[in-house]
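One structure is given here, and the rest of the page talks about it.
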Amino acid sequence: MEQPGAESDADPVGGADPQLAATMGFSGFGKKARTFDFNAMFEQTRRTAVERSRKILEEREKAAAEKEKELDNQPGVGNLSATAPCPVGRTSSRDSSSSESEDSSDEELIGPPPPAQGTLEDSDDELIGPPLPPGYKDSDDEDEGDDNDNIQEEDEDPVRKIPDSHEITLHHGTKTVSALGLDPSGARLITGGYDYDVRFWDFAGMDASLQAFRSLQPCECHQIKSLQYSSTGDVILVVAGNAQAKVLDRDGFPVMECVKGDQYIVDMANTKGHTAMLNSGCWHPKIKEEFLTCSNDGTVRTWDVTNDKKHKGVFKPRSAQGKRVIPTSCTYSRDGKLIAAGSQDGSIQIWDRNMNVHTKFHCRHAHAPGSDTSCLTFSYDGTILASRGGDDTLKTWDMRKFKTPLNSVAGLPSFFPMTDCCFSPDDKLLVTGTSVKKGHGNGKLLFFERETFKKVYEIDVTDASVVRCLWHPKLNQIMVGTGNGLAKVYYDPFKSQRGAKLCVVKTKRKERQAETLTQDYIITPHALPMFREPRQRSTRKQLEKDRLDPMKSHKPEPPVAGPGRGGRVGTHGGTLSSYIVKNIALDKTDDSNPREAILRHAKEAEENPYWVAPAYSKTQPKTVFAEVESDEDEPDDKPEWKKRKI
């Protein structure tokens, strides 16, 4: 009802003066709205799609016919030409069906029909749109092909997967880094050394200065032997040179400390804990509360974090004669069902976790007797055990045939009782480090093929021994602990994930000089107004005021060393004797004759009297001095017997 009225109102305006309406910009306000017929638009779109699909089908039929002619012309391909008309018949039937579908618009499919089987066999992916010209190659297909080739080459050559293109160096201290631990997520690294310190490194929180965010001594004056995060990463096992292992949380606060056993009990199974120095320890891979330790008291013990009063189980390695031997390394299998220990007599003994009396596997002559087996580790598939011996060898053992080693390599010097070895994440490489004496070359990180034990790669780490090595499977980064207090992290920007890549991109924070001038603002609400400090409105303004104050911004003079510099006399020493000698040398006064020293100022006092002369100016205007009489001029009237005999 309102639309006709609106048209009648708009027409007189446009009709009265259309030029004025166009100039003012409201000439088109009263026109009718444009209407659209959607059914007609859909019908036109459908016809356009049908025509386009017909053209594509015709072009494909022509291409198929040309291929048939080429096959007929080639000799020796009669069988193929005989079977060739099949796809043509299918396309012709589809062409006829498409012509019939033009008449019936209700059952018409919008868009091109599915391609024939011949085209699906030729190309895996259906091309959208018109066919490509002959001789055209898609660049994406070439890139995918190159990527697949590179992936195949990397699978064939495991050396390509070693992430060693970049490295960062973490300065732990000056002594040997004897323990490394990385949590399962790869966010935090912990290092322990012979300097009793345990340092915490957070890759996400560090900048390019690479500083540890916490350092502590959990076991006081005992060297750190082993550090490891639990399977969940919430607690840390610390094994040091004492008899009690400790469990810390992620921030370094104590959670649990193992009890110490009674050293006067003969049977170590009857005491609650270890009685001698610990050698190694590790967490259970499946049970997050259980961990394992071995000690010089000749036992391997399992513990529960929730019970610090007593051990959970005891395993006692024995020699061939049944005597006690000292285990130097211990570990769990990947499934946590087996416990392995390497002993000082050169043997490797493996128990079932639930049966602690008899060994399940044992090899009496795995390494040289009297040497410390420094490391035992299982492969990720659980079938291979690698052992690093103190006899400078590295060996692998098949759990199904444990009497003889699968492979062995000698000539790998090891000077430390915790020299490490580990498997690569793909289980194809075995990694270990070598020790060197000071000034006799560089310590190296060696990579061996697991199957053939052929050395395929090596890294020159530093001019000190390589003690610990750790290859994290999630980060794909290699951590190395050295004998000169360094912890190095090797990574590759493309093959590695997170870890060291997070901290190297952060710029080092510059310390502003103005921050050193700030003084703490002490709030004293009950002080008298005259003693109350004014409230600081802005820190920046206060810094600017302190910079203008010559007393607060005065730089102290540095100490002078040597004979002298800048007009200042150098110090001759800090002792009391040197201070006294210096002052005596500077004292030029001569107090040998005090009368002459006083008369030296007589002329000046006479010309300008100030102290004594004004007091005697009236009573004694002329100064009278006493005459000095010598003792020699006095007459000697004493008798001879009274004179002093010299």
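A Cβ is built for glycine as well, from the same backbone N, Cα and C atoms used for every other residue.
Checking TrEMBL for region 'Disordered' across the ranges 1-23, 323-345, 392-414, 438-460 points to 1-23. Per TrEMBL, the listed range annotated as region 'Disordered' is 625-646 (candidates: 295-316, 625-646). Across the repeat 'WD' (271-313), DSSP assigns 0 helix, 19 strand, 24 coil. Within its own chain, the repeat 'WD' (366-407) has Cβ neighbours under 8 Å at 328-335, 340-348, 350, 413-414, 416-423, 425, 427, 430, 432, 448, 450, 452-453, 473, counting only residues six or more beyond its boundaries.
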